[in-house]
Each structure stands twice: as C-alpha cells, then as structure tokens.
Amino acid sequence: MERLHWVRHRWQQMVGVDVGRGWYSSAAPLSSKSPLDAQEPPAHRLTGKRRTVVARCGPNQSEYHSVCKGYPGNSISTTKYSLLSFIPKNLFEQFHRAANLYFLFLVLLNWVPVVEAFQKEITMIPLAVVLTVIAIKDALEDYRRYCYDQKINNNSTSVYCGKQHEYVDRRWAEVRVGDLVRLCCNEIIPADMVLLHSSDPNGVCHIETANLDGETNLKQREVVRDLPQQGSEFHPENFSSHIECENPNNNLRRFRGYMEHPSKTRVGLHSDNLLLRSCTVRNTETVVGIVVYAGHETKAMQNNSGPRYKRSKMERRLNVDVLWSVVILLLMCLTAAVGHGLWLNSLKDPIYLIPGDPPPALAGFYMFWTMIIVLQVLIPISLYVSIEIVKLGQIYFIQNDLDLYNERLDTGVQCRALNITEDLGQIQYIFSDKTGTLTENRMLFRRCTIAGTEYPHHENARAQELYEEPAAEGGCSNTLRSRTSHRSLSCRSLSCNRSSTSLNTLTRDSDTHSHDDAHPTLTRGAFSSAMECVVVPDPPLQLKLGGLSSPLAPPLKQNAAELSHILDFFLALAVCNTVVVSSPTQPRHMVQLPVPRTPLSTLEDMKLLLQKLSLPRFALTSPTSANAGAQPNTPPQPSLTRRLFARGRSATFTPNTPPDPRHATLAAGATTPPPPPTAPPETSPPSRLALHPHASGDHNTDTDEDDDDESEEEEQRLYEAESPDEAALVQAARAYGFTLLGRSPEQILVQLPGTGPLSVPLLHLLPFNSARKLMSVVVRHPVTGQVVLYTKGADNVVMDLVSSDAAGGDRTGQQALIKEQTQRHLDQYAREGLRTLCVAKRVLEEAEYETWLKGHMSAETCIENREELLLDSAQRIENNLTLLGATGIMDRLQEQVPETIEALQKAGIRVWVLTGDKQETAINIACACRLQRPTDKLLTANCDSKEACEILLAELTEEIRHCEESNGGTDAGAAESPEGAAALGFTLVIDGRTLDWALQPDLEKAFLGLTQRCRSVICCRSTPLQKSQVVKLIRDTLRVMTLAIGDGANDVSMIQVADVGIGISGQEGMQAVMSSDFAISRFKHLKKLLLVHGHWCYMRLANMILYFFYKNVMYVNLLFWYQFFCGFSGSVMTNSWVLIFFNLLFTSAPPLVYGILDKDVSAETLLCIPQIYKSGQDSQAYLPSTFWLSMLDAFYQSLVCFFIPYFAYAGSDIGVLSFGSPINSAALLIILLHQVIESRTLTSLHGVVLIGSAVFYYAFGLVFSVVCVTCNSPTNPYGIELHFMSEPSYYFVSLLTTVVALLPRILIRAFCNTISPSDTVRAGIMDRLRPEEYWTCVSQWKDRLHSKNVQSSRLPPSNLSINADPPHSTDCYPEACSVLS
C-alpha cells in the first residue's frame, strides 16, 4: 500500500502545475483535503529512525520540550576516562593484552601455597610496574585532551533567548538542538545548523571548511527556500517551521531531510543548507541558523576517529616469536617437572622429607607450575612497553626532521599511525596518484581547440617559461606588470578581514567581532603566484573576437557558426563552474535580478545588442562630437560596473531600459552607422584583448577615477575554486573578455567582450560526479533567451555523449568533422602531457525542458535514494551534445620527482602510477618523471572485451618471455624480481576498461604474471574503486608490503587499503591526509622518509626486539641450569629481588636508547646509495633464522656464564647466594657488552646509559646486602655482596666469564664482515672515512652497481611486435619528456 501511495504521489508531481524553475524547484504544497494527508508522501518521508527539530523559542516552544529535550547537548568530551572510571577502565583496557593476562595469571598462581616460588609481593612487581607506566602515559594524554575540550566548550556564541527576546552570549557547551544561533563574519560555527537567514540579499553565505577537511577555498551555502521571512530581517519569535531530518551520521557531503512550513509546504533540505561545526563564516556579515545536531552528534565529531592503529609486519612476526618463547618455556618447565619427579622417586627414605608430602608424580605436576613462576621472565613483558616508547621516540625524530619541513606551507611530516614506523623500511610496491602527487596540481591554461580549430597560445607558453616569480616577503602580495597589459594583476584579496583559521583557533580568545583591522591578512586564491593569473590571448582567436569588443571594427567576415561556437565556448568556461568571486573592496559581488528582455536569435542581432550594451563604455562617435553634444554642466556618468557594484547601495541594469535624455544622441547612434571618427581611437596593446577601450579625449577627472577604481577592482578580483582546473579555465575566459563577476543561487553575473555586466539566469547546477565525470549548468542564454545546457568533463565521456545526428544536412558533417579534429588535438595535448577537458552544449526546447524539469523536481525533493535519482536525472539531459571544443591545461611536475622515483626504483621498490588521466598524458608524465627510461619498451593494453583482454595478456607475456630467451635466457624468478624486471626494461600501460577485465578472478593470475615481468605499470583512466582493487590484489596475492600515496578524495580508498597510506597536503583538501597513516607536503619527501627514516626505524626496532629475546632467554637459562643441581626443586641461586629487577630495571634502559638512537648508516650514505634499502625489504635484520641464532647464542652464553663460576667455586663452602653473586655480575656485563657489540653508534649518551645501568646494579646489590636482613626469607643476603666484592677472585671469574661468553660472537662477526660484509656494514665503514676517501668509495660503489646493471641488462629487440589492433609497444623518446621537466 505504501508503494501505491508513492507511485500516486509521483504521478501527481509529474502532471502538476509548474512550480518554478529556480536552481532548486519549489515543492508543491499539499492541500489539507488531499487523500495523502493520512499518509505522508514518501518523497518527504524518512524511513526508520529520524529526527524532528523545532525551535526552542517562538510558537513551538511548548512542543520543544517533548520533541528535542532528549537530544544531547553541545558539550564535547574526547577523553576516555573520568576520575572515578580511570582505574577500572584503564585496567580493563590493559588486560586486553595477552601478555598482561599471562602475568596476572602468574601473580595469582604464586598465591597458591603448593606452587609458591617467591614472596607474593615480589611476583606482583613486574606487572605493577608495567601497568603503572602505561597508566601514567594514558593519564597524561587524557588530561591533555581534557584541557583542549574545556577550551572549546568555553568558547562563546550568540543564542536567541526567548525570555529576554534578544541574542545573548552562551558557552558552546550550553547550546542545544533547536537553538537559534547568530554568527558574524569570521566566527566559527559551534554546531551543525540549518541556515535560516543571511545578511546577503540573495540568501547565501560562504564558509571555509579548513578546520574540517583542510580546504581553504570558500564553499557557498543557501538559506532554506520558501521561508516566510526570507529576504527581510529575521525575527526568531516568528519562526514556526518543523524540521525532519536523518539521524546523525559521519557523511560530510550528505544531508537529507525536509522543512515543513506553517502553510504545510514541505521543502527538501540538502547539504547546501547545512552549516557544519568547526567551519568558519566568511564574506557574510550575519547568518542565523537552527541547531539540528549538537556535540558528539555533529558530523565533525562523528569523523573524529583519532590516530589510526594498524598491526605492522614486524609486530606479526613478533607475536609468532613470543609463541615460540612460550613453547620453550613449557619445554623447560616440563623438563623440570619430570626431573623433579624422577629425583624424588630415586630417593630412599630421605630424612628431610615431611610425612604427608605428595607422591613424586603429583609433586612433579606442582613443580611444573612452580617453574612457570620461576622462569616467567622468559616471556618479555617489558618488551611491549619498550616498543611503544621506542616508536614514540622514532616518530619524534621523524616529525622534527628539517629536511621534511615545507617552509611555504609551514608543515612537516604528520605521523597519524603510531605503530607502523618500521613498515616504512620494508616497502616493496608504491602506488601513486599523478595529479597533485607527482605534479603541482596548479593548473595553467596552455592551449585550446574550438570548433575544430586549434589555438596554440605560443605567446602564453613563452610568457610562462620566461616568468620568474619574485620572492614574496611577509604578507606582501605578489604582483606582475605584464608586458601584455598596462595594469598590475594581483592574485590576493581580502574578504571580511579573512585570516587563516586552524583548529588551534578554537582554543584562543576570539576577536571575530572586530572588523576594523587596519592590516588585514591577505590570502591566496586558486593560484600560488601572480603569473598563474595571466593568460596571454592567442592573436588569431583574439582577432576573431575583436569585432564584438570594438564597435569600430569592420563587419563580421568569419563564419557565423564558428563565431557562435567561440562565444558559447568561452561563455561555458565562465559559467560552468562553482567558482566564488571575492575582492578586497567588498565582501562579495552581488547580482541584481534583471528585467526580462526579448530574446534575440541572429548573430547580427547579437552584435547589435552588444553594441547597445556598450554605450556607457564605448563612444560610437568621435570624442569631439560626443563632447560637443553633451551639456556643459552634465555630471559624468559612472561606469556600468561601478553602478552595479557601488558600495553601500544597490542598482539594477536592464538592457531595455529607456536611455537617459542626455544620451539620446548616443542611443540614436547605436541604430545607425556611426560617422567616420575625426580622431583615431586609442587601442589596446595587440597582445591583449581590448576589454575597456577609451577614446582619447577630454575625460574629466571623476570618470577617470571611476575607471581607475573599477580597473583596480577587476585586477584584484579573487577566484576561489574547489579545483585548480576551474580557476584556470575561468582565468582563460577572462583573458578573452568573458569575465565572471559574481554569482548567486539564481544568477551568474558575467561580462562579455565589449559589454557591461550581463545577468545569466542559472536554472540548475548539476555538480561534478565521479560516476558521470561531468559538470553541467542549465542556464537561460543572456542573448538568445534559450534554455542551454553547458557541460564540461572528461574527454572520453563527453565525446561519447556528442550527438552524431545533429539537425540537418551539412551540419551533421560539420559536427563529425569538428569531433574528428578535436580528437586529434586532444591526442596531441595528451602527448605533450597536458590535462584535457572537453566543453559541449545542448539547446533545450521549452517543452523538452519542462518535461525534464518535472522529473528533476521530483528527484530534488526526494529523501530516499536522492543521490541515485539526481544522477539519473542528470544523465537524461546530458546527451545529444554539441561539441564546442577542448582545453589543454599544464600541470608541472613537483620538484625532484624524477630523482625521487629513480632512487626508489634503485632501492628495489616497484612504482605504479594509478591515474584518471588520458593514456597519452600518463605516458608523458611517466617519461618526464623517469618512471620509464628512454630505453624501455612500452606495452599498452586497450581492450573492449574480456576475451580480447585474456588473449592480449597472454600475447604480451609470451612476447616478453620470447624476448628473455632470445637475449640469453632468463629464468622466471629473475624476471619477476625487481632487478630482473628493471634490466629487461618493459613498462605496461593499461586503461580503465581493460583493467576491469584484468581484475576479474579468472584473469588475475595472468595480469599479475605480466606485471611482475615489467619494470613499472601505469593504470590510466582508473576509478577510485579500481585503485583500491589493484592495491588489494598486489598486497594479498603477492604478500608484499604496499604503500599508497595520493592527495585527493579519490585516493582515500587506495590509501586505506595499503599497508602504509601516505597523504599529501596539496590543492585538493585534506581528505587523503585525514585517511592516511603519514602525511607529507611534497612527493620528494618520500625519498628520505623511506630510504632513511624507514631504514633506521626497521633496523633499530628489529635489533632491539632480538636483543630483548636474547637477554631474557640468556638470564632465564641460568636459573634453568641450576635446577640440575638442586633436584629440580624450583630453588634459585639469587635473591628474588635481583631476579625480578634484573630485566625490569637493570637492563631495560640501554635497549630503549638503542632502539631510538642507533644509526647503522648515515642519512647521506642511504640517500647516495639507495640499494642499501633492500636489506629491509628482505627482512634481513629480523628473520626466523636470526631469531633462532640469537636463541642459540643465548643458550651458549648462559652455559658459559653458569658453569665457569660453578667450576671455579667447586668444592668450596660458599652458600647459594654467594654462588649466584658472580653469576649475576657476569650476566650483567655480558648482556651490556653484547649490546655494545651490536650497536653501530656509540655516543656519550650510550656510554652514560650503559655505565649507569652497571652502577645501578652494583649500588642496589651493596645497599640490599647491607640493609636487608629478612627481605629474602628464608635465606639471608646480609653482607654477601659486600664480602664477595672485596675478593679478587670475584672480579677474575666475572671478567673471564664475560670474555669467553662474548668471544665467539666477536670472532664470527669479524670473520663475516671481513670475508663477505653486508651492504650496511660496508656503508657503516665508509661513514668513518675522511671526506675525500668517503666520496671516492661512494663513486666506486656506484660504478660497480652501474657495471653490474650493464652486464645484466638485456635490451628488448626494437622489432618487438604485438598482434593487436592498436600498436601495443612504443618507445619513450627523450624529447617527449621536455614539456613537464
């Protein structure tokens, strides 16, 4: 039944009356007698849980308490604990770790009398220390979060108070759902609010979302449509509408709901009506909104997930070795249990056995648990705490590396994942985005093609190449006096004292109400330098448009259809965007609603209209006659732009408005040919289109000042775009006189060549969608009055939507010819490395538009599946397009990208580029950034079906195999290794359609086999989903360490899937950074982050973990060997305090310093010789073999450390504790000196820590033996250490034991480093040489590597042929790389 009502309502909407044609169509009010009253229209219903919001004051005040009272407040708390919950909650979290549970089990086990090994308090010390250290760390972190929360909650905002009938200041924490909040310019939004009122007469406001997603460009938000008070002063007491919206969620780009007005009219709500918490109001004096989500329900807090936690590869390996340690512990305890039972069974009525003792079998069982307690140190409980401390130290040094600091952005490396630093040293595959990652993502317009004619803009290219941006000092703006213009172009502006606001702003005292700052902070727009704002027009194209810009130009001679294409092309560039216009002289440009005028159709009528519109700016008669016809005392007419945008007053412009009587002569001259001028008019420079020509004559001072002010305003106009492409295209249109002046939700103000501002009615905006890859606007043409759809988007998509059967005759052939020529130009642009974009239009008949409007209106007012319905609606109108032309935009490579990629490839890392650009563009970038060498053979895979893809993959693999065999034979393993693939020199380029087939399960194996034989892979035309699928396939199938790096929202899925995700804080916001594990500002920083810090972190942590296992096993084995001489009774030869503290205190500090500061190879050497990085890829420092070798060495050293003192004191009368004293002393020296042998760096800090540990042990032993009499019952340690340390034999035994224990390790290491040193050892030796010797060794090393590569390289034959329709193998020519390098 509900479905029937939905269909009935949709049908009524489609056949209903026209309810408007605004950007968002109005909702038809429902009659009170409608049969749908009993059942809410599904188009406005929210299925499942939903939220109702009413105002806290006003007519619905009584209803508020029953509806909104239960919603959470706006107070936030990011802390995990409170004073009461800290201890139980922290302990609960810590005991989620298996190691802590294990030691808690041992503590409880020691309380069982039959298996008790130590004093009950002593066994609790290790666990208590570990829990206390972690609890203190957690408490400090939580207290810092608490202070931050308090500063935010105590910020104030203006909230309407119903009792006082005015806005009062309240703390953020006191704001509630339903409150009406008023904000001024530059204030931060305290909660998610629906916009109800704006001081802007068009009902819009602008916000900056930098605190939310890092994007500094302005976003436009709109007041809810059809509000009764819209357009007048807002009175909160009169607001009586209800809001129904979806429940809180973390989707920043979606908001669904509706507002029901008192008239029962329901208006759909969407994301453009929502002001999000943490954003900043810009360029708007005052806004008022109603809070719908507060506190932790706001979208900002829903997305606040904190640091990311992943499990590193080394941690997974560590967990396996911990299990092996458990196995060793169980074997040792089982041995002791069996031994104890056998020993008891061998005794014949011993006198020391107490009657009633358990039989040998049961005693052996009890002894098993006793030995678990005695040998508990074998499981390294302190290792987990030490790893956390070491990783924090490593992150500190990474974040404070000045080489990774970007001075321009004032940012360094951000480590968001705290536990995978060592993974940076094991990367085997890198998957990189192109735009904004390898390139600057600062777009510069270079060339275009219109109606099949190419305009290369050579002057523009030369101007960009010759330009050298002056260094900017402080806050001064960069300006450029162009040789093609007599005015200075500025790319900075001021908007409402706009200043950079970060999250830290929330914690400072706000001065947002002060708007009289004499020195406002200037901000950049979409361009980073002044030169990027300048586009030098192409002379032929400028000449064709000259007839429109000057009334004195001869009659139009060029093809009318071509000129129509040119006009539509640049008009599309000017209006088909979401660019926000601002300037330093006013908050934003205002668009006045024009009076409707009669549409014109012919080109000559268009020119005549343009001439009419140019009257206030152009003199159609000579200056002499014009001045003679003017009245002597007539005040000068202000310029049209100044009249439209005069400060403090509004004005309207109507083309059909009767002219002023004073200008009757000029008006008459517009309809008749003007007489020949008596003096030649002043012309603009030939290299720039004359937008504002003035007749040389007697302009009075006021007029000159007006024009100067207007000129200055235009110069400093700031375009703020959501993407750099849009800003570049708007600047290109501006260079030809199609200037975007301002926008509102219903109008766009543009200036055409030779005219004043024209108001273009904006009917609909169809925003960019990754599925469509298009953006469109539906406007009413300012000249013809027709409904026109302007579209721009990816060339492969637009070309498919271009109509092949345009209306009639020659026009069909002309459109096909334009499409063919444009495609040829697009291919040329792509080969030059330019980003391509196609522009098209479609003229809609009124009936056709009305039909589409009804369906689109229904989609806009729907809540369920709204996004899918809008997508379908857009696709219904975006077809049968007329191709206008295409653009080529340059995006330069970032600095040092080629060197970085070359170093990463030398390090054995395979680099893949996953991009959505054209194939030719991707190939050009690959050549420019050295991803593909000039000698490499390029393999392309472009297929239209799965069968063709399967055949092609097999052919490519077979051809490569044939190439390997013809060059001397290469086994599959060598070919699939990075070195083998690099030597063979193949690069695979695969497009998105073919990639879809290749990623299917039955073709995955063939695809992987092919890619492993290639040096690099380029995936072009790939979607975000494909990017993540490729990364997941390589990671899971090949079981390799993957890294994904990108800068945009389309890279988020790829970044999250990879083992290590890196985001670049670039021009596309902070979505990638917020989803990443590490964030950098430039691609070049990846080189040092991986090759230096990654290598160091891996080597340090690997060696520290092995050292922890070694020292624990070595010391525990001493207790195990003693059991063979005490009947496996669980007794120990040392006091229990030293036993517990030995690993917990005496030997815990040196490994921490070792893990944070050890440096096996210098940073300079690691960067000069990237091949050293391969040791981390192969996990050479931490393999199963190295683990077991460390275990064997620990067993050997424990045998030496126990039996040398045993034989030295054999036959003497020393006690048990006296026997253990030299053993402990020798064990301490062996463990500390073992670390000295393993360390590659020994500094004064290392020495202090090592000597301090030894001194601490001896001081503790002396004090303990002097003051402790009954601390280790039943034995008495009093005076033992003091007595033994006074005997020479004590030192002799300790030193002899240390030398014998460490000698094998020293000899073996010296032998291996002499006969076959590893790369890290050789590099470490080089670092100790003098500078001249060092550089000689580096040069020799590089020469050896080069000669090795030359000997192993097998260049593919030049006649490699692939049997497929397009050629699949091409060469990378060096000259093709010069464009972007």
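A Cβ is built for glycine as well, from the same backbone N, Cα and C atoms used for every other residue.
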Matching range for TrEMBL feature annotation, transmembrane segment, among 274-293, 1214-1233: 1214-1233
The domain 'P-type ATPase N-terminal' (62-123) - residue tally per DSSP class, helix then strand then coil: 34 helix, 0 strand, 28 coil
In the chain carrying Asp433 (active site, 4-aspartylphosphate intermediate), residues 6 or more apart in sequence that have Cβ under 8 angstroms from it: Val913, Leu914, Thr915, Lys1027, Ile1045, Gly1046, Asp1047, Gly1048, Asn1050, Asp1051, Met1054
Candidates 363-385, 1122-1146, 1214-1233, 1289-1308; stretch with most C-beta pairs under 8 Å toward the transmembrane segment (1187-1208): 1289-1308
Surrounding residues of the transmembrane segment (1214-1233) on its own chain - C-beta under 8 Å, 6+ positions past either end: 1111, 1114-1115, 1118, 1131-1135, 1138, 1142, 1146-1147, 1150, 1197, 1201-1202, 1204-1206, 1208, 1250, 1253-1254, 1257-1258, 1261, 1272, 1275, 1277, 1280-1281, 1283-1284, 1290, 1293-1295, 1297-1298, 1301-1302
Beyond the flanks of the transmembrane segment (1289-1308) by 6 or more, those residues with Cβ under 8 Å of it: 1193, 1196-1197, 1200-1201, 1204-1205, 1208-1209, 1221-1222, 1225-1226, 1229-1230, 1233-1234, 1237
